[in-house]
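According to TrEMBL, the features are:
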type	residues	note
BINDING	Cys53, Cys56, His57, Met92	heme c binding site
COMPBIAS	17-32	compositional bias 'Acidic residues'
DOMAIN	40-114	domain 'Cytochrome c'
REGION	14-42	region 'Disordered'
Amino acid sequence: MMLGLVLILAACGGGEESSDEGTNEETTEEQSDSGSDGTVDASAAEGVYKSNCASCHGGDLEGAMGPALTQVGGKYSADEIVNIIKNGKGQMPAQGDVTDEDAQLVASWLAAKK
């Protein structure tokens, strides 16, 4: 069940545009996916999510066309989520437009959702 949720995570690109969309790329390039202390830039991750994932997974991770991701970290690690985003799984196609950096950022953020 959760597998299907994650698969659809990357299936839906585009969708709602956030007001900070133009700064998302700069933010993720200036900052690493996670800080030196292991923290994730949640604001940047949410921006990437809203730009690339929310149209299928809902603005608040509640699910829409795709499954809810509110507890996806309880099933998948950040590395597994990156793999699903980049390669697709089940009904969710690969998200080739998502950079490796953005995929890692969102995956780390989602992996904390348990």
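A Cβ is built for glycine as well, from the same backbone N, Cα and C atoms used for every other residue.
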For Met92 (heme c binding site), the three-state class that DSSP assigns:
strand
Starting from the Cβ of His57 (heme c binding site), draw a 10 Å sphere and report how many other Cβ atoms land inside it.
30
Can you see whether DSSP assigns His57 (heme c binding site) to helix, strand or coil?
helix
Average model confidence [pLDDT] within the domain 'Cytochrome c' (40-114):
95
On a simple 10 Å Cβ count over all chains shown, which one of the binding-site residues Cys53, Cys56, Met92 is most densely packed?
Cys53
